[in-house]
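Over in TrEMBL, the protein carries these features:
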type	residues	note
DOMAIN	B:16-112	domain 'FAD-binding FR-type'
BINDING	B:Cys245, B:Cys250, B:Cys253, B:Cys261	[2Fe-2S] cluster binding site
Amino acid sequence: MTSTPAAGAPRTAVLDKDGLAALVAALVADGRTVVGPTVRDGAIVLAPIDSAEQLPYGWGVELEAGHYRLSHREDGAAFAHSAGPQSWKNFLHPQREKLWSADRAKDGELTVRAEPPEAVSYAFLGVRPCDLRAIAIQDRVLTGGHFRDTGYGERRRGAFLVAVECTAPGATCFCVSMGGGPGTDSGFDLALTEVIDGAGHRFLVRSGSEAGTALLDQLPCTAADRETRQAARTVVADAADAMGRAMPPVDLQRLMGGSLEAERWDDVAARCLTCGNCTMVCPTCFCTTTEEVTDLTGDHAERWQRWDSCFDLDFSHLHGGPVRSSGRSRYRQWLTHKLGTWHDQFDSSGCVGCGRCIVWCPVGIDITEEVTALKAEADTKGHAQHGTHEKEAER
Amino acid sequence: MTAVPMTAVPAAHGTSVPVPYRVVARWEETPDTATLRIEPVGEPLPPFAPGQFAMVWAFGRGEIPLSVSAIPTTGGLAHTVRSVGAVSEGLYAAEVGQVIGLRGPYGTGWELEKAVGQDLVVVAGGIGLAPLRPLIRDAVADPGTYGRLNVLVGARTPADLMAKIETRQWRTAYTGVTVDRPDDRWKGQIGVVTKLLDRARFDPHNATAFVCGPEPMIRATARALVHGGLAPSSVRVSLERNMRCATGHCGHCQLGPVLLCRDGPVVGWDRAEPLLYTREL
C-alpha cells in the first residue's frame with residue numbers, strides 16, 4: 001500500500017469487511033476509544049467497541065413519528081440504519097461533567113481545583129453526514145465564541161471521525177431539505193460508503209485529513225475501481241431521493257420571527273408533554289445547567305455541569321418564577337431557537353434534518369409538520385402580527 | 001475575622017473556575033439586601049466596566065450573576081445582593097473576612113463614554129440602582145464631560161430604597177426619589193418612577209437614558225422616555241434572565257435572538273422593546 005502520490009494527500013480506496021475490521025483494530029491499537037453503532041436494548045446504540053464484529057451487521061431500523069423498531073436486513077449491511085436515540089454529543093458534550101471541586105479546611109481555608117479534562121482520545125465510527133454537520137454546529141456554539149468550552153474543545157480536538165455516508169434514510173429523515181444530504185465531502189478524517197452488490201460487500205473509503213490518509217495507508221485496501229465508485233455514487237444519490245420527509249422550502253428564520261403569536265403554538269402545546277425528549281436526542285441541543293453538590297461533611301463541594309432542557313420549568317426560573325411557564329412558550333422557544341434565533345446567535349440553523357426529535361417524541365410531534373402548519377398560518381394571515389404588539393403593551 | 005486564603009488551580013476549565021475574593025466590608029442596604037465590598041485574595045480578575053456582571057459563588061451553594069455595584073479606584077469591587085434564593089441568601093449572609101468566588105467580567109456595560117456631551121437620565125427601580133451606581137459615580141466625578149445628570153429612583157416602600165444617603169450626596173441637575181407605598185414618616189414623592197420624568201432636566205434630543213429595575217418598570221420607563229422624544233437606541237436598559245455559565249454556552253439567558261450574558265445585560269431599547277413585549281419569550 002505504498003502507492004500514495006504524496007504523504008498525507010487525500011486518497012480513495014476500497015475496503016472489504018476484513019479491511020473494516022482492520023480499521024477498527026488500528027484505531028484501538030492507536031489507543032483510541034472507538035465508538036460505533038451496536039445493537040442493544042432493541043435499538044442501534046452508540047457504544048465503545050473493540051472489534052468490528054460488534055457492528056450491527058444485518059440490522060436496519062424502521063422509523064416513524066414516535067416509533068422506532070429494529071428490523072433484520074437480508075443484505076447484512078453494517079450501516080444501513082439512520083439516526084439512533086443518541087448522537088455524538090453524548091461523548092463530546094456528555095450528560096454530566098465535573099467542572100471543578102472545592103475543599104474547605106478547618107480554619108475556613110478554601111481550595112478550588114479545576115477538573116483536568118478527561119484524557120480520552122475518541123474515534124467515532126459511522127458518523128452520518130447530518131451528524132457531521134451537527135458536530136460542526138456544536139463546535140461553533142461551544143468553541144467558536146469569545147469563551148471556549150475547554151472540555152468540549154479538548155475532546156473534539158482529539159477525536160478521529162470516520163463518517164459513513166447515508167444509504168438508508170428513514171421515514172423521518174429530511175436532511176436534504178435542510179441544505180445537507182446523505183453524502184459528504186469534508187469534515188471527516190475518513191469517509192466510508194457501504195456498497196453491497198454482485199461484486200461483494202465493500203466500502204469505498206476516502207481520506208479527508210492527513211491523519212486519515214496516514215491510517216488508510218496502514219490498512220489492507222485495494223485501489224478504488226470505477227465500478228465501486230459508481231455504485232457508491234448511486235446509493236448515495238438514491239438515498240437523497242428517498243428522504244421520508246421535507247422541511248418546507250421557506251426562509252425559516254423569517255417564518256419563526258414572524259410566528260411568535262401564531263395560534264399553532266396552542267395546537268402543538270395541547271399535544272406536547274414538555275418532556276424534553278426532543279432536546280435530549282437532538283444532536284445540536286447544547287443547553288446545560290450546573291449543580292453544586294457537597295458531601296456529608298459539608299466541606300467538600302463539587303460543581304457539575306449536566307444537560308438541561310428548555311422544556312423544563314426551572315430552565316427559565318427567575319426570582320419571581322419561570323419566565324416560560326406555559327407549554328406553548330416552551331415549545332415555541334425550542335422551535336424558534338432551533339430554526340430561527342440560532343442564526344442570530346451562531347450564524348447557522350440549529351437543525352440538520354436528522355429526524356430524531358420526530359422519532360423520539362412520545363406523542364409523535366413532527367417538526368416538519370409543525371413548520372408546515374406555521375407557514376400555512378402565516379400565509380393565511382399575512383403579516384397580521386403587528387396588532388398584538390400594542391395589546392401586549394398594556395399588560 | 002478569619003483569614004481564609006483560597007487558592008485556585010488555573011487549568012483548562014479556566015472560565016468556569018471562580019477566583020477568590022475576600023469580603024472586607026458589608027453593610028445592609030434594605031432589610032433583605034446587603035452590599036459586599038470585596039478584594040482579591042490573589043490575582044484580581046480583569047477590570048470591570050459599569051453595567052458588567054460577575055458570576056458570584058457561595059461555597060456549597062452555587063453561583064448567581066450580579067452586576068458590579070461599585071468599582072473603587074483603590075481596587076476591589078462591590079456587589080449588592082438581595083436574598084431571594086439559596087445562593088443569594090448565602091452571599092447576603094457572608095461575613096467580613098469570608099472568602100467568596102468570582103468569575104468575570106461578563107457582558108456589555110452601560111457605555112457611558114458614548115454619551116459624552118449629552119444629558120444623562122438614570123432611572124432605577126429598587127435595587128436596580130446597584131448596577132447604575134458605578135455609572136452615576138463616574139458621571140458625578142467627571143461633570144465637565146457630560147450634560148445635566150438626572151437620577152430618578154423608585155421603590156415599592158421607603159424601606160426598599162438602597163443607598164439613601166449616597167443618593168442625596170450625588171451632585172446632579174435633578175435627583176428624584178419616589179415610593180409606591182409610603183409609610184407614616186415618608187414626606188417625599190409617591191407614585192411610580194416615571195412620574196418623576198416631568199421634573200428631570202434634559203434635552204430629549206441630546207440625552208442618553210440608563211434604566212435598571214423590574215421588567216414592568218423598565219417597559220414603562222423606556223416607553224415614557226421614547227414618548228418624550230428620546231431615540232429608542234438612546235435608552236439603555238439592563239435585563240435579567242436565568243444564567244448558569246455566563247460564557248454563552250448554557251442557553252439559559254436567551255431572550256429571543258439575544259444571549260443576555262453575551263449580548264447583554266445592557267441592551268438598547270430599540271433591540272429590547274419587541275423582546276419584552278412578547279409574552280413568555
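Glycine is treated like the rest: Cβ placed from N, Cα and C.
Within 8 Å of the centroid defined by the CB atoms of B:Cys245, B:Cys250, B:Cys253, B:Cys261, the record's [2Fe-2S] cluster site, lie the Cβ atoms of B:Met243, B:Arg244, B:Ala246, B:Thr247, B:Gly248, B:His249, B:Gly251, B:His252, B:Leu259, B:Leu260, B:Arg262, excluding the listed residues themselves.
For chain A, the nearby binding-site residues by a Cβ gap under 8 A, listed in sequence order, are B:Cys245, B:Cys250, drawn from B:Cys245, B:Cys250, B:Cys253, B:Cys261. Here the binding-site residues are B:Cys250, B:Cys261; the one with the fewest Cβ atoms within 10 Å of its Cβ is B:Cys250.
For B:Cys245 ([2Fe-2S] cluster binding site), the same-chain residues that are 6 or more apart in sequence and have a Cβ closer than 8 Å to its Cβ are B:Ser16, B:His252, B:Cys261. Helix, strand and coil residue tallies for the domain 'FAD-binding FR-type' (B:16-112), in that order: 9 helix, 49 strand, 39 coil [DSSP]. Across the domain 'FAD-binding FR-type' (B:16-112), mean pLDDT in this model comes to 95.
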